[in-house]
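*Asks:* Quick one: the structure is below, and I'll ask about it shortly.
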Amino acid sequence: MSKAGGCRGCGCRVPQRASWSLVAATAALCLVLATSVCTAGAAPMSREEKQKLGNQVLEMFDHAYGNYMEHAYPADELMPLTCRGRVRGQEPSRGDVDDALGKFSLTLIDSLDTLVVLNKTKEFEDAVRKVLRDVNLDNDVVVSVFETNIRVLGGLLGGHSLAIMLKEKGEHMQWYNDELLHMAKQLGYKLLPAFNTTSGLPYPRINLKFGIRKPEARTGTETDTCTACAGTLILEFAALSRFTGATIFEEYARKALDFLWEKRQRSSNLVGVTINIHTGDWVRKDSGVGAGIDSYYEYLLKAYVLLGDDSFLERFNTHYDAIMRYISQPPLLLDVHIHKPMLNARTWMDALLAFFPGLQVLKGDIRPAIETHEMLYQVIKKHNFLPEAFTTDFRVHWAQHPLRPEFAESTYFLYKATGDPYYLEVGKTLIENLNKYARVPCGFAAMKDVRTGSHEDRMDSFFLAEMFKYLYLLFADKEDIIFDIEDYIFTTEAHLLPLWLSTTNRSISKKNTTSEYTELDDSNFDWTCPNTQILFPNDPLYAQSIREPLKNVVDKSCPRGIIRVEESFRSGAKPPLRARDFMATNPEHLEILKKMGVSLIHLKDGRVQLVQHAIQAASSIDAEDGLRFMQEMIELSSQQQKEQQLPPRAVQIISHPFFGRVVLTAGPAQFGLDLSKHKETRGFVASSKPYNGCSELTNPEAVMGKIALIQRGQCMFAEKARNIQNAGAIGGIVIDDNEGSSSDTAPLFQMAGDGKDTDDIKIPMLFLFSKEGSIILDAIREHEQVEVLLSDKARDRDPEMENEDQPSSENDSQNQSAEQMLSLSQTVDLADKESPEHPADSHSEASPSDSEEAAGFAPSEQISGSTENHETTSLDGECTDLDNQVQEQSETEEDSSPNVSWGTKAQPIDSILADWNEDIEAFEMMEKDEL
């Protein structure tokens, strides 16, 4: 997400009839007032060091952009591990995330205005020519309306804005004649059919060539869309209208915003995550500031800044008051139910909320922005990157990190608002982590698991559009930028739109369809910029004083948010039945459950599910007791499963030219050397003969002292391990024989033994899917000598590695101890469903609504539970691990089955919890919402 370029750090008004000079002056005044909050709290960074870091950002951008142009263009995105372009239809489907790809050179368009911000005007001119020459917007492909708007339409408009700026300066782009604007207008008209609904909310997808509903369009049957998807259009559509004079675009975007405002929950003033585009009914009724809603709030405030329409600010202020009243539990931002805003909807937060501190800076609410940003920074320091989702006690919930820019964005705006050099140090940490953990020979690779350091073959276009832009601006002085950044507003994709658009085409109707606005008693809602010298007099350490109590919040404390006694559980009250005491065969216990509104459902597989219907409880107090009982079930289940899991392992390629930059996610074995308890194993790789490793090796001299590569199939894993161990191998990597399999699209599992005593196997054994294994095989074909590191977690890359002329000795193995693996904490038995590549196509037997709570347990009375109304505090006052654990699958191989079926252990308790669907939908929403 992104913030406005002008008017930083305040909620200042852009006058509706202001001249452009007054608008610019207002923006400049806001910045002057906002930058005086503090100038201390960290050692000042010298201009030389800032320039050095700025130059480092430029080099990193060149590495990413250059590799895209060399290896991927004209494809939409670069696949940095395999050094090729991602072309839709030619790669395995990743689900909704692929809806951003339209065969229109997405990364190039998304990077246009970044080139100008980074003072690469020649490259910008070349890129514009390539877009005009090569890009086709009439492809027969179904794309996301939201992603196409913010990335492609926004990219074209941002490129046009800076092209006309450069042309006016008289040095570059003298040939330019609004060609990018013409393309933007063409694309705008292609998106308009999506708005053909009774509500005015757009369909989530559209076919660029055939539109909606036609048989050949393959879309138009959807009924739901996310709030952000429908509410993040006004900036681009209004800019298109004001650039071209065609008012229809702004009118359609305004109608969608008006409808969302009308459908807000009137008592809480919150909006849900997904809405029916035909009826306006809320489909998912949880509300937060992260995935699915985030940029809706952002665009209300920025639409006011860009367009000068008071109604947008009034709506934003109403929502912001509700956010701070219900969702903000400093330093946390926790989702709640729109109808029951005092009850938390979940106990985890997603990475997209990292944009919110930056939006609060634009609003002028600095203190909570500093608090939340510092909390997020502590999570990053623990995991190197911000996990896609993390729990309220800061454990990993979803381990992926697709190189999101939102935290860098908030860091930039907090620095501009406070002048505190602390935020320069934060930016420096981001640069170091990107180079240390994400940089690969062909660009920067997304992190598949922040705990192991494994990579995903993915570099999204927003990484170039946003990350480098914000990092460069963080360290740049005004003279380093060839234009005045304060004259522009940033879209959610960090594209630049000129503020002078507020004075053009003002004939567009601003009919107020809002009922009434809530009177809000808050000085932050003033229509002028706050004077920070008055707000924070003589306190240069203001920001530091706010951060200090949060320094150890991740490692040493368990923040519990605000305890809402008046709306939550009775303080000190105990439920009549504790989860640990419950017995399904006890009639008295069943009667107590009935009183609390909890019923038992016997499932076909012999398990029992607990479901709470609050309205069926004997009283509101009993309903609260039932809710607490369900929460205890979750905690009990989590604790029971903690010690039953084995975490994934890592295979790290450390020889030239990789130097540890490529990390592959590997499955462990239930036998052999345990890498979490022993030293890592380092060695060169060699293929075994026979390749399946099912008989005595015929090339023992080739694998002696090396890590043997073996193909899956034909015999047991343990038999393969014994054969390569007898040949002198120091470790083994089993590569899947199912072509195209990948840890991106299949659940990781443990290699099981053969039913015999496996204590004789002393070497470590790891499993790689076909896609990951092919990376090693390709490296062998190209470089012959390939050295890898087998460990429980990717080793920090030593700078000395890249200075070594020759690879280390082939016999140099098991040197340097690995760090202890962080506990695995993903959703139980859902490794194959959490990924966006796996849509939620199998659900638990019961699917209660948002007013229901559900839990399941096995007949053995290993009980667990789930509730949508999670609180952040444990009942006994201790920090409780609320992470859901991944159920690793064990698998043996049969002699005569080349296509081995994957058996799993009995379905664990939590896999039937009632909020399973919501959890999966939330992850998929993150992939839709500017992943």
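Quick reminder: no glycine exception, Cβ is built from N, Cα and C everywhere.
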*Asks:* Of the residue ranges 572-575, 588-591, 784-787, 928-931, which one carries the motif 'Prevents secretion from ER' annotation in Swiss-Prot?
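*Replies:* Swiss-Prot lists motif 'Prevents secretion from ER' for residues 928-931.
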*Asks:* Quick one: pull the CA-CA distance for ASP294 (active site) versus ASN196 (N-linked glycosylation site), whole Å only.
*Replies:* 24
*Asks:* Could you state the CA-to-CA distance between ASN196 (N-linked glycosylation site) and GLU147 (active site, proton donor) to the nearest Å?
*Replies:* 18
*Asks:* Identify, among the glycosylation sites ASN119, ASN196, the residue whose Cβ has the fewest other Cβ atoms within 10 Å in this structure.
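*Replies:* Counting other Cβ atoms within 10 Å of each of the glycosylation sites ASN119, ASN196 gives the minimum at ASN196.
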*Asks:* Among the active-site residues listed here, GLU147, ASP294, GLU388, whose Cβ has the fewest other Cβ atoms inside 10 Å?
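*Replies:* Each of the active-site residues GLU147, ASP294, GLU388 was scored; lowest Cβ tally within 10 Å is GLU388.
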*Asks:* Round to the nearest Å and give the CA-to-CA distance linking ASN119 (N-linked glycosylation site) with THR492 (Ca(2+) binding site).
*Replies:* 22
*Asks:* Inside 10 Å of the Cβ of THR492 (Ca(2+) binding site), count up the other Cβ atoms and send me the figure.
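*Replies:* Other Cβ atoms found within 10 Å: 30.
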*Asks:* DSSP on the domain 'PA' (675-780): how many residues come out helix, how many strand, how many coil?
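*Replies:* Taking each residue of the domain 'PA' (675-780) in turn, the totals are 25 helix, 24 strand, 57 coil.
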*Asks:* Just give me the nearest neighbour of GLU147 (active site, proton donor) among the recorded positions GLU388, GLU406, THR492, Cα to Cα.
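*Replies:* Looking at Cα distances from GLU147 (active site, proton donor), the smallest one goes to THR492.
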